[in-house]
C-alpha cells in the first residue's frame with residue numbers, strides 16, 4: 001500500500017458508533033439555492049430526542065451509516081452529507097415533528113427522478129429507530145429542474161393541438177374496465193366521443209389481456225376517434241394505455257399509436273416506474289403524442305397520514321419525469337381529498353411559481369422556471385351535479401373525467417356524454433356571466449336539463 005493511501009489505527013480515525021446529531025444536525029446551516037430541501041414528518045421511538053432522529057433521517061438518506069467507517073476520511077462529508085437544519089413540532093401531535101433536511105445537489109444524477117427517490121426515500125423508511133416517517137414535501141432547486149425535460153408538451157401546446165380553449169376538457173373512463181371485446185370497447189368509445197366528450201380513457205389495468213389484446217383495442221379505438229371526429233368536427237382522443245411488462249414493449253405500443261395518428265397515449269407511472277415513464281415522455285415529446293398519466297398504486301404510498309409520502313411529492317416528481325395529465329383527486333367525488341390541500345398540489349402541477357403556503361400543504365416555495373405545466377384530472381365518483389363545484393374548484397385548465405357519471409345514463413353512453421357537455425357549457429357560461437356557481441350551481445344544472453337528455 002502506498003504512503004498516500006495507507007491508514008493507520010489512531011491516526012485521524014476513531015472507529016465506533018456515535019450519535020448522528022454530532023455530524024448531521026446543523027441548526028446553524030443556511031440553505032443554498034442549489035440544495036434539495038425535504039420536509040419529513042417524523043414519529044420516533046419513545047425516549048429518542050428529536051434532534052437525534054432528525055439527524056438520523058439526514059444521515060441515512062445521504063452519506064451516513066450506523067457506524068463510523070475509515071473511508072469517511074477519503075471524501076469530504078461536509079460537502080456531501082445531508083443536514084437536518086430545522087425541527088418544528090406538529091400542532092396537535094405530541095409525538096410527531098417536522099424535520100427539515102437539506103441535500104447537496106451533487107448527491108443526485110441529473111434528470112433522474114429514480115435516483116432522487118432512491119437516495120431520499122429508498123432506505124430510511126425502514127429505519128427501526130423510527131415508528132413512522134412521511135415525506136411531506138420537496139423543494140427542487142432551479143439548477144436541478146433544468147436537467148429535466150418535464151411534460152412532453154404542456155397545457156398550452158395541448159390546447160393548440162386540440163383547438164379547445166376557455167373551458168375544462170371532458171373525459172370518460174370506459175366501463176366495465178375489464179371483459180369487453182375490442183370491438184365492443186371501440187363502440188363504447190365512439191358513443192361517448194360523438195356525444196360531446198373530448199377524450200375517453202382506458203382504465204389503469206387495461207393492458208393486453210386475453211379478452212382484448214392491445215393491438216386490437218388500439219385499432220378499434222382509432223376507428224372510433226376518426227368516425228366521431230368526422231361527425232362532430234372536433235378533435236377527439238382516447239387514452240391508449242401503453243403500460244407494459246417491459247420498456248421495449250411499452251415503446252412499441254406508443255409507436256403503433258403514433259402510426260395510427262391518434263393524439264394521446266397513457267401510462268401508469270407508479271406501477272410502471274419513473275425510468276419507464278421518463279423514457280415514454282421523451283418519446284412522446286419527440287413524436288408529437290400527448291401523455292396521460294394514471295396514478296394507480298398512489299394510495300399505497302400516500303394514504304397514511306404519518307408514514308409514506310404525500311401525493312404533492314409524487315405530483316412534483318411526475319412533472320419532472322413527464323406527463324401532460326395526471327389524476328389529482330376531486331374533493332367532491334368518492335375518493336379522499338381535502339380542498340385546500342388538493343388545490344395546493346394542483347397549483348404545483350400547473351403554475352410556474354408557487355409560494356410557500358402551509359395552509360395548502362406547500363412547505364417550500366417552488367420555482368419551475370420553464371418546465372411546462374400538467375393538467376390535473378378530476379376523476380372517480382363524479383357526475384353532472386358535481387359540475388358547478390368542479391368548474392369552480394379546478395378552473396379551465398383541468399380535465400373532468402367521468403365514468404359511471406357518463407356511462408350510467410339510463411339512455412346510454414351518447415346521451416350521458418351529451419348531459420356532461422351540456423352541464424359543463426352551462427356552468428362555464430354562467431361563470432363567465434358572473435353567477436356564483438357555489439350558490440346557484442343546482443339551479444344552473446336544472447336549467448340546463450331543459451335542453452339536455
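From the backbone N, Cα and C atoms, a Cβ is placed for every residue, glycine too.
The N-acetylproline annotation in Swiss-Prot covers 3. The N6,N6,N6-trimethyllysine annotation in Swiss-Prot covers 14 and rests on sequence analysis. Marked as substrate binding site by Swiss-Prot on the basis of sequence analysis: 123, 173, 177, 295, 327, 379. Per Swiss-Prot, the feature active site, proton acceptor maps to 175, 294. As annotated by Swiss-Prot, N6-carboxylysine applies to 201, with the evidence given as sequence analysis. The feature Mg(2+) binding site is assigned by Swiss-Prot to 201, 203, 204. Feature annotation from Swiss-Prot assigns site 'Transition state stabilizer' to 334; the stated evidence is sequence analysis.
Overlay of Swiss-Prot annotations on the structure.
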residue	record	DSSP (3 states)
123	substrate binding site	coil
175	active site, proton acceptor	coil
201	N6-carboxylysine	strand
294	active site, proton acceptor	strand
327	substrate binding site	strand
379	substrate binding site	strand
> Which whole-number value in Å describes the distance between the Cα atoms of residue 173 (substrate binding site) and residue 203 (Mg(2+) binding site)?
Replying inline: 6
> So around the Mg(2+) site, 201, 203, 204 aside, which residues have their CB within 8 A of the centroid of those CB atoms?
Replying inline: 173, 174, 177, 202, 205, 206, 239, 241, 266, 294
> Counting all other Cβ atoms within 10 Å across every protein chain shown, which of the recorded positions 175, 177, 201, 295, 327 scores highest?
Replying inline: 201
> What subset of the recorded positions 177, 294, 379 lies within 10 angstroms of residue 203 (Mg(2+) binding site), using C-alpha positions?
Replying inline: 177, 294
> Which ones, of the recorded positions 123, 175, 177, have a Cα no more than 10 Å from the Cα of residue 294 (active site, proton acceptor)?
Replying inline: none
>> I'm trying to understand the geometry here, so how far is the Cα atom of residue 177 (substrate binding site) from the Cα atom of residue 204 (Mg(2+) binding site), in Å to the nearest whole number?
In response: 8
> Any idea of the Cα spread of the substrate site, 123, 173, 177, 295, 327, 379, as a max distance in Å?
Replying inline: 36
> Among the binding-site residues 123, 173, 203, which residue has its Cβ surrounded by the fewest other Cβ atoms within 10 Å?
Replying inline: 123
>> Measuring Cα to Cα, how many Å separate residue 123 (substrate binding site) from residue 204 (Mg(2+) binding site)?
In response: 28
>> Are there recorded positions among 175, 201, 204 that sit within 10 Å of residue 327 (substrate binding site), Cα to Cα? If so, list them; otherwise say none.
In response: none
> How big is the Cα-to-Cα gap, in Å, between residue 295 (substrate binding site) and residue 204 (Mg(2+) binding site)?
Replying inline: 8
